[in-house]
Amino acid sequence: MEGASYQRFPTVKIRELKDDYCKFELHSTDVSLANALRRVMIAEVPTVAIDLVEIEVNSSVLNDEFIAHRLGLIPLTSDRAMSMRFSRDCDACDGDGQCEFCSVEFHLRAKCINDQTLDVTSKDLYSSDHTVVPVDFSDSGSGIENSEQRKGIGKDHAKWSPAATVTFMYEPDIHINEDMMDTLTLEEKQGWVDSSPTKVFDIDAASQQVVIVDPEAYAYDDEVIKKAEAMGKPGLVEIYAKEDSFIFTVESTGAIKASQLVLNAIDILKQKLDAVRLSEDTVEADEQFGELGAHMRGG
Amino acid sequence: MGLKQEHDGPDANKQQEFDIDKQFLAAPVKSAVDKFQLLPEFLKVRGLVKQHLDSFNYFVRTQIRKIVRANDLITSKVDPTVYLRYKEVWIGKPSTSIEGAVIELTPHNCRLSDLTYAAPIYVNIEYSNGQKTPPVAKKNVFIGQMPIMLRSCCCVLHKKDEAELARLGECPLDPGGYFIIKGTEKVILIQEQLSKNRIIIDTDKKGCIQASVMSSTEATKSKTVIKMEKEKIYLYLNQFGTKVPIMAVMKAMGMESDQEVVQMVGRDPRYSALLLPSIEDCASNAVYTQQQALEFLDKKVKKPQYFSASFDKEGKAMGILRDVFVANVPVRQNNFRPKCIYVAVMLRRMMEAILNKDAMDDKDYVGNKRLELSGQLLSLLFEDLFKTMNEELKKTVDGTLEKPSRSSQFDFSRYVKGDSITHGLERTLSTGNWDVKRFKMHRKGMTQVVARLSFIGTLGHMTKISPQFEKSRKVSGPRALQPSQWGMLCPCDTPEGEACGLVKNLALMTHVTTDEEEGPIISLCYCLGVEDLALLSGEELHTQDSYLILLNGLILGKHRRPQRFANAMRKLRRAGKVGEFVSVFVNEKQRCVYIASDGGRVCRPLVIADKGVSRIKEHHMKELLDGVRNFHDFLREGLIEYLDVNEENNALVALYEGEATSETTHVEIEPFTILGVCAGLIPFPHHNQSPRNTYQCAMGKQAMGNIAYNQLRRMDTLIYLLVYPQRPLLTTRTIELVGYDKLGAGQNATVAVMSFSGYDIEDAIVMNKSSLDRGFGRCIVMKKMSAINQKYENTTSDRIIRPQRVGPDAERMQILDDDGLAAPGEIIRPHDIYINRQSPVATRGAMVSPLTLTDKDYKPSIQTYKGPEGETAVVDRVALFSDKSFNLNVKFIIRHTRRPEVGDKFSSRHGQKGVCGTIIQQEDFPFSERGICPDLIMNPHGFPSRMTVGKMIELLGSKAGVSNGKFHYGSAFGEPSGHADRVEAISDTLVKHGFSYSGKDFLYSGITGSPLQAYIFMGPIYYQKLKHMVLDKMHARGSGPRVMITRQPTEGRSRNGGLRVGEMERDCLIAYGASMLIYERLMISSDPFEVQVCRKCGLLGYYNHKLKISICSTCKNGENVSTLKLPYACKLLFQELQSMNIVPRLKLTEA
C-alpha cells in the first residue's frame, strides 16, 4: 500500500444545464466519490430556511405549528448561504441567531377581509434582506408572524436540503451480438425490442437492424436479456455497467442553482477531506474522528 | 364515480388518454347492464344508518301513539268520575326550557354545552275533575323530554342540505343515528335476538328434542317449551312448578278426545306411536275430562307472588293456559281451538325432528334471528316509564282526593308532570342499563359512547351488532360464519378474542325491517284462498295436498296451492299493494308458507329476474343517471325487491346477469355489498388471506385521520388528527360511497419491500427522516380539560380572578390571560396553572352575600396541567358555557403536534401492522435512477406467512395510478364488473410509463452508491397511523410514589408506578440462584421495614425511642427482642391476622 498512488483525475462532462436542473457525466472515478457527492448535495449543502417563527396573532383556521412547519418548507434563495454563519456558532450574536451574519428576518402580514378564502403565498413574505427571498413559484383569517430564517443543512431537517432530486446511474455499456441478431425475423426483433419497458432499442426502418437509440434509458431491468433467453438466444445482448462513469441528474428546489449546488457540494466535500487530512496526526483526531482517525493513521 | 370510468375500465389503460372517448364509443354494447349506479342511489335515499333512523322514526310516529292509546285512561280509585284520558301524542321540536324560556336546540350546541338533545313530548288530554264539572279538554300538555336521534324525522338536521348543515355546525358526512345525552354522543347498539313467536326445534343439554316458543305480545312475554323426555312429552312453563304432561294440557284446553289430538298431529302411525306413551301417562294419572285436567294442573301451579283476582275466579291453570302458555296465540271468548292447533303443530314439528334429524332448526341461522334497534328498545322503555308516570299520577290524585279539605280547586291536569319520563329516558340512555320491571328485563351496556377516533370507526360503530349471549361462553356454533349471513352481515368485520364471531356488523346494503300492520295482510290472505283455521277439522289440517299458512308465527289456515299463493303475494308486493318488506317464504320441508311482516328482520335489495332475464334494462339505468328515476321508482315498478333471509331460500340468485339460467329469479346488484363499511376500505380484499381482512377491520377504527368536517369545532375529550391526511390512491367503490375519500385516515407512502439495517425485523418498518420532516405521519393530539365555577348552598360561589404577575406563583401563571383563564396559543408546560380559581372558605351554613366576602374568605383552588415532561402542548381553544345548574363551565382544549418516532404504530390496509423500528436519513436510503426514494421500508418477511396478495396488488395499482394520474380501483370481487383493475391492465400501464411490469425497480444503495443485488418491489401503499404511540405509553421510574397501606410502589403508568418483578421473573431468579438480586428487588427496593421480634413469644414488639430499647409488648420486657428487616406487607399481614384472632409467631434461629 505504501507509495502506490491511486490518484485519478475525474472529468465532468455537462450535458444539460438549467437553473434548477443539471445533468452531467462524471468519468474516471469510482462509486464512493460519486455517492459522496450525491450525499453531500442532499444533506450537507447549506441553504437558508425559516427556522424560528414568532407568531403575534393567528386567527386563521390553521394552527401555529402547522403554519410554522409550512413556512419552514418554503425554499428561499440561498446564494449567500455558503458565506453565512450557522447561528449556533455565530460569535457576533452569541448564537441566538439575531444578527445579520447568521439570520434574515421575514414578516408575514395577511388579513382576510371578505367572505372568500384568502390565498396566502410566499409572495406575502417580506424579507429584510433582498438577497434572501422566497423562490418564485396557498385560507381565510388573519395572521401576523415574524419569522427568522437560519442557515442549516439537510441533515438536520429536510427543509434545508437544496436538492429536490439527486440521483446517478451507471452508464450502461450495451453490446448487441449482431450475428445472432441477424438470425431473428423482423417480428422477433420487434418482440425483443418491445420487451424493454423503456425505449432503449429500436428497429431502423431502412436497414431493419436493431439499433440502440438511448442506452441511458436502460433501467438495468434485465428484461431484454430474459427475453433473449426465452427466445432461445442467450447472449443476444450483453449489458454491463461502466464501473467508472456516472450520469448525474440534479434537480434543485430553487434555493440555489443546480450548477451551484454541485459546486458547493464539491467545496464541502473538499473541506471535509481537508479536515481529515489536517487532523491526521494530531491527538484530537482520535476524539474527532474516533475509529476513523486511528484507521487513517494506519491503525 | 363517473360512468366513463366504468366503461373504459381495464382495457382503456392501453389506450392513449386522448382516444378514450373513441374507445368508449367503439365499445360493444355491454350485454349485462351495469347496476352499480343503483348503489349510490340506494345510499342516498337510505344513508348508512337508515336502520337506526327508520326504527326511531317508526317509534316516534307510530309506536308512541300505540303505547299512549293502550294506556290512555287514568281513573281515580276514590272517585271514579274523576278521570284523565290521553287523546293524542306527538313530539315537538328539539328544545329545552331554561327558567321558563324555551330555547331551540341544535345538536352541536348540545355537544358543546353538555346538554341533552331532546324534544318535548306533548299530549292532548281530556279530563274530568268530578261529577259536578263537565269534562275539560286541554291541548299541548308537556309530559317529558324525549332524546332525539340525530337525522331522524324529529331532528333539526332532517332533510337539510350541506350548506344548512354547515351553518348548524354539523358535518354533512356524519351519518347520525345516535343520541346526545349530557353532551356525550351515545349509540344504542343493535341487539341480536332469537326471533319471537316462532317455533324453534332444537335439543337441550341432555340431547332431548324440544320445541320452544318465545312468545311476545304487548301484554306478556313468556317462553313455552315442549320437551320429549323418556318417550313422554312434557310442557315446561315458568308458571308451573314442575313439568306437566302435554296431554293433560290438551285436555285442559278442551281436547278431551285423544283421537282428536292424534288427528291434529297427523294420522301417520309413527306420530301416533310417539304420542302413545304420553296418552297412556295421562290416563294413568286419571285425567280424562277438561275438569279433571284443570284440577290436575291447578296443583302444579306455582304459588303466585302477588294475588290476582282473575286467576282465582276460574282456577289458576285456566288463566295461565289462556294468558301465558303460547301467549302469541290469542284466545277469544275462551275459544282454545287455535291454541290447540298451535300445540299440535308444535308436536308435529317435534316428532318430525325425532324421526328425521334434518328437521331440526338452527339457532344460528340468520333467518331465525331478529335485530332489535333503538326504536324498539326505546318504546319498551317509554311504555314502562309512561305506565309508571300514570300510576304515580293516579296515586297522587287519589291522595289529594282523599284529603278531607282542599285549599284550592282540584285540577287533574296540574298533576301531570314530565320529570319521571325525562329523567328515566336520560338516565337509561346515559348508563345503558335497561331495566324494565314488567318484562323482568335487566340488560347492561346497551348504549356506548360513539367512537370518534376515526370517521370509519364512527360508521363501524353504528352498524355493530351486539350478541345475545354473554361473551364468556365457549361455544363455536354461534361464532362460526353462517352461509345465511351472505349479503346481510359482513363476513370480515368481527373483533378478535373473546367476542370473535359474536359481535357482527351489518353489510353495506342491509336493511332492518320495522313492524308492519298485520290486519290487512290477514284479510288479503283469506282473499287469496287461505282456508280459515276455524273451519277446519283436525284431520284436514295436515292433508297431503295442502300447506299451512303462517303469518308472523300465527297459523292462519291452509292453502291447497301454496306456490300459486306465494306468487300472488309476491306479485302484490312488487306492485306495492303490500309493504315492500313483507316476506313470503314457502318451506317445502315443513309444508308451510311463512309470511313475515314483523320488525327486526334483516333484508337486502335484489334485482328481480324473469326466467333469468334481469328486469333492469339499459334505459332504466340511463334514466337513473339522468336523475329522472330514483331508487324508489325501481322499487315501485317492481324491478327491485327486498328479500329477507328466509325468502332468499326460495330464490335462485345469480351473481352476474351473464351467469343467470332460466331458473334464476334474482340478480345481485353488486357482489362487494356483502362486505360492511370497514371491510369495504380494503383494496382487493378477495386476494387476501381472510383473517387479514378481519384484522384490518379492527385496525381501520384506530387509524388517525379526519373525523368530521367539524372536527376543529368539537370539544371531545380526546381527538387524534392527521396533519396531512390523504385519500388512498387505490380506492374502492365503498370508499367513495361512504365518503372515506373526503375524510381519509392515512397517507400514501412509497414503500420499498426490502430488508434494511436490521431494525426492520418482526414487522418493524424503517422510515425516511426527510419524509417525516416534510410531514409524513405527523399528527395532532387534542385533549380536553374542564373546570367548573361551582355555586354553593350558602349562595357563595367560586371566582376566577386576575393572575398574579409578580410573586411566587407568577411563573406558573404565565400562560393566563387577564381573565384568569389560559390563553389560546400559549405553550402549556407541566405544573402550569390554567385556571386561576378561588373557592370560598365557608360553603355551608347560613346565607352569605357574595358581595360581603373579601379576599381573605377565599382559598385558591387552581387547576394545574399534568402532562408529560418535555412535550410542548399548546392551548388550542377555551370554551365557556353554563351547565344545567347554571354553573359556569370552562373547557380547555390542549393541542400537541407529534411527528412519528421510533415505536409509533403504523399499518397498511391489509392487517399488516408494524412499529417504526428506526428513522434513517434520506441520503442513506436506497434510490432509483429516477431519483425516487422510498418513504418507508418494509421487510419482505411480512408477506409469505400473511399471504396478503391484495397489498401487492395495491402497490402495483397505486404505482400505475401515480404514473398516469388516475385513481385505480380495487373493490372486492370487482374484476368481472370493472370495479377493480386487473393485474394485467395495471402491468401494462406500468410498462407504458417505463416501469417493470412486476413493479420492481432497480435501486442503488444510498450508503455505498452501488446497485442493490436484487430488484426491489417498490411503490405507494396507503398507510394508516394508529393511535398507539410510544409517547403515551413509555414509562420508567426510579423512586416514586408508594401505596399507603402496603408501602409498596404504586402500579400503572398513570400513577407513576414501579415495574413489577412478578412471580415468573422471581422463579427465574430463584432457579438461577440470584438470591441477593431477589432480596434487593423484592424487599430493599420495595417495602423494607424494621421490626422488633420477641424471640420468646414470637410476636412483634416496638422500639422505644425515649429509652432507646426494644420492648416486647406481650412479654412486657425487652430482654429477648431482636431487630430484623422484613417487607412491610408481611408485617401488615401479621397484624391483620392478629386482628382476626390468628396468632402468627416468628421463630428466630441464629443464622
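Backbone N, Cα and C atoms are what each Cβ position is placed from, and that goes for glycine too.
TrEMBL annotations: computationally assigned, not manually curated.
Annotated features, as they stand in TrEMBL:
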{"type": "DOMAIN", "residues": "B:47-422", "note": "domain 'RNA polymerase beta subunit protrusion'"}
{"type": "DOMAIN", "residues": "B:196-372", "note": "domain 'RNA polymerase Rpb2'"}
{"type": "DOMAIN", "residues": "B:448-512", "note": "domain 'RNA polymerase Rpb2'"}
{"type": "DOMAIN", "residues": "B:549-609", "note": "domain 'RNA polymerase Rpb2'"}
{"type": "DOMAIN", "residues": "B:631-663", "note": "domain 'RNA polymerase Rpb2'"}
{"type": "DOMAIN", "residues": "B:678-1055", "note": "domain 'DNA-directed RNA polymerase subunit 2 hybrid-binding'"}
{"type": "DOMAIN", "residues": "B:1057-1147", "note": "domain 'RNA polymerase Rpb2'"}
Checklist entry - Which residues of the same chain, at least 6 past either end of the domain 'RNA polymerase Rpb2' (B:631-663), have a Cβ under 8 Å from a Cβ in it? => result 31-33, 38, 41-42, 44-46, 365-367, 484, 488, 511, 513, 566, 570, 573-576, 580-581, 583-587, 594, 596, 601-609, 611-616, 620, 624, 669, 671, 976-977
Checklist outcome for this item: Given B:448-512, B:678-1055, B:1057-1147, the one sharing the most C-beta pairs under 8 Å with the domain 'RNA polymerase Rpb2' (B:196-372) is B:448-512
Checklist outcome for this item: What DSSP reports for the domain 'RNA polymerase Rpb2' (B:631-663) is 13 helix, 7 strand, 13 coil
Checklist entry - Can you tell me how the residues of the domain 'RNA polymerase Rpb2' (B:1057-1147) break down into helix, strand and coil by DSSP? => result 32 helix, 23 strand, 36 coil
Item to check | Integer average pLDDT (0 to 100) for the domain 'RNA polymerase Rpb2' (B:448-512) | outcome: 87
